Structures are given as structure tokens and as C-alpha cells.
Amino acid sequence: MNPQAKLIFSLSLILGTTITITSNHWAMAWTGLEINTLAILPLIAKSHHPRAIEAATKYFLTQAAASTLLLFSSTINAWFTGQWDITQLTHPISCLLLTTAISIKLGLVPFHYWFPEVLQGSSLTTGLLLATAMKFPPMTLFLLSSSSLNPILLTIMAIASTALGGWAGLNQTQTRKILAFSSISHLGWMTAIILYNPKLTLISFYLYCAMTTAIFLILKTTKILKLSSMMAAWTKIPSLNGALLLALLSLAGLPPLTGFLPKWLIIHELAKQEMTPTATVIALLSLLGLFFYLRLAYCATITLPPNSTNYMKQWQTKKPVAIFTTISVTTTMTLLPLSPMIFSIT
């Protein structure tokens with residue numbers, strides 16, 4: 001892709017995100033979401049591969065449907081209440097339509113079908129944007145309007161997302177699809193707590209973005225797209241492969257790594273809100289995700305490739321690892337000691 005075109009699309013992504021997260025009017029929020037959608041489409045389809053074109057088409061259709069529902073929801077609310085303010089969503093039909101629209105944007109169950117396919121058809125860099133930055137504007141709208149949404153519906157969607165994100169990732173062999181179902185599962189955790197502690201949802205989202213960024217950057221550096229190539233990639237940069245193991249275990253939520261912090265805080269808050277059954281169910285369902293994270297970690301660091309006659313050992317690369325990769329990997333492993341400060345904030 002032309003560098004100037006890539007710069008324009010990147011600046012458009014930043015502009016669309018900024019407009020959405022800083023607006024208090026539904027029309028401006030919708031405008032920012034549309035700018036984001038139009039800016040990411042060329043980045044998804046830039047390889048001109050049929051799968052990339054298919055992913056861009058699926059992404060456009062689902063996001064256009066979600067934006068239409070969001071605009072329809074805000075229009076109905078303005079028709080009955082005269083309010084265009086994001087925090088003043090009170091009409092029940094508007095609340096239901098908004099929940100559907102934001103769920104489609106984020107990829108929550110039962111509107112998750114597009115996300116694994118789009119991520120699989122994108123490059124690792126574009127997949128990183130789709131899994132992190134593109135979820136920030138709809139997550140902001142979710143937080144601002146969370147007090148108006150149906151708690152029972154949100155709890156059901158949270159449990160279903162956690163269950164399906166763990167269950168559907170079990171038989172996947174493509175790393176991008178595994179990370180897509182991991183994203184769905186993590187969004188289920190965030191949705192479970194959004195009504196009771198929105199700040200905690202935002203902290204969980206930030207930590208999820210940091211951990212996912214580290215894994216995507218490692219996969220991009222080592223050029224790993226599937227489990228079979230992961231088993232043969234340990235000769236490229238052995239130290240980075242060890243970091244991939246710890247980053248995966250952090251995303252699984254194992255102590256003493258960073259990923260344990262949001263799950264610990266969410267379970268603590270749900271128990272405080274007398275929602276112990278919900279906390280128990282999503283904690284048990286996270287064991288499904290733990291299984292495929294451990295399988296990825298096993299393939300990355302413990303399994304050796306077959307030593308057949310036609311097997312060619314890959315050269316160890318001597319090029320330095322990017323500083324941003326180093327920072328994100330360090331963040332993924334060492335933020336748990338900050339938990340007392342986060343407790344004081346929440």
C-alpha cells in the first residue's frame with residue numbers, strides 16, 4: 001500500500017476514535033464510528049487476496065448494520081424524549097436496539113460470527129487494530145450508556161460470550177482465530193461487570209489491549225500464523241518465544257502475571273454485588289480458555305518439530321526486537337503489583 005494512503009487511513013482511524021470518545025451527542029458518535037469503519041476497510045483488503053476481500057466485505061456489512069441500529073436507537077429515543085445526549089437513553093426500545101448495535105460492534109455473543117472470519121482474513125497488524133483499537137469507541141459508548149441497559153440481558157450475554165469464546169477456541173489451529181475467540185471471552189468478563197463498576201471494565205479493557213498487543217507483536221516478529229509454524233519458530237528468536245509463553249499465560253489469567261489482575265478484580269466485585277453464581281460460572285468457563293492457551297504455550301516452547309529428512313531448520317534471526325514489543329511484553333508480565341493502587345481507584 002502507498003505510504004501516503006496508509007498515513008491518511010491511520011489518521012482517519014485516530015480522528016474517528018477521537019470524535020466518538022469525546023462526543024456527547026449521538027449523531028457525532030455515529031459519525032466517528034463511520035469514519036473508523038471506512039478507514040479500516042482498505043487496511044483489511046490491502047493484500048488483494050480473496051480471503052481479505054471477503055473479510056472486508058463481511059466487516060463492512062456487519063458494521064453498517066450495527067451503525068444503522070445505533071442511529072435508529074438514538075432517533076427513537078430523541079423522538080419520544082427529545083434527548084440526543086448519550087447518557088440520557090431512557091426509552092426501552094432504544095435501550096434494546098443500542099445493546100444489539102454495541103454487541104455487533106464488539107462481537108459479543110450472539111452477534112460474534114463475523115469477528116473470527118474477519119480477523120482470519122486480515123494481516124496480523126490489521127488484526128491487532130481490529131482486536132484492540134477498533135473496540136475502544138463502541139466500548140466507550142457502552143460505558144456511557146451502561147446505566148440504561150438491561151442487567152439480565154447483559155449478564156446472559158456475558159456468560160454466553162465467556163462460554164462460547166472458550167468452547168469455540170478449543171479446536172482451532174489458526175492463531176488469529178484463537179485470539180478472536182479469546183477476545184470474545186474477555187469481552188464477556190467486561191460485560192459482566194459493566195453495570196456495577198464501569199471503571200473496572202475500562203481497566204480490564206486496557207489490560208486486555210496490552211496483553212493482546214504483546215502477543216500480536218510477537219507473532220508478527222516471528223511470522224507465526226498457525227500452530228504447525230509455531231512449533232518450528234523457536235529457532236528464530238528463542239528469547240521471544242519464551243516471552244510468548246508468559247504472554248499467553250498472562251492472557252489466560254494465571255498469577256503472578258498481569259492477566260490475573262482483571263479477573264481477580266471482576267470476581268471480587270461480583271461477589272461484593274451478591275452475584276456469586278455469575279462469578280462462579282464465568283470463572284469455571286474460563287478454564288476452557290485456559291486449555292487452548294496452554295496448548296499454544298505448549299506448541300510454542302515445549303514441542304519440538306519432527307526431525308525428518310526434508311525438514312529445514314529456520315535460521316535464527318539477529319535483528320533487534322522493536323522497543324514497543326519489549327515494552328508491551330514487560331507490561332504483560334509485571335503489572336500485578338499495581339493492584340493495591342487500582343483497588344484504591346475502583
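Just so it is clear, glycine is given a Cβ too, placed from its N, Cα and C backbone atoms.
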(request) State the residue range annotated as transmembrane segment by TrEMBL; the candidates are 7-25, 178-196. (result) 178-196
(request) Give residue numbers and ranges for long-range contacts of the transmembrane segment (321-343): same chain, 6 or more residues beyond its ends, CB-CB under 8 A. (result) 203, 207, 210-211, 213-215, 217-218, 221, 237, 240, 243, 246-247, 250-251, 255-261, 264-265
(message) Test of understanding: applying the rule of at least three C-beta pairs under 8 Å (pairs 6 or more apart in sequence), is the transmembrane segment (281-300) touching the transmembrane segment (152-171)?
(response) yes
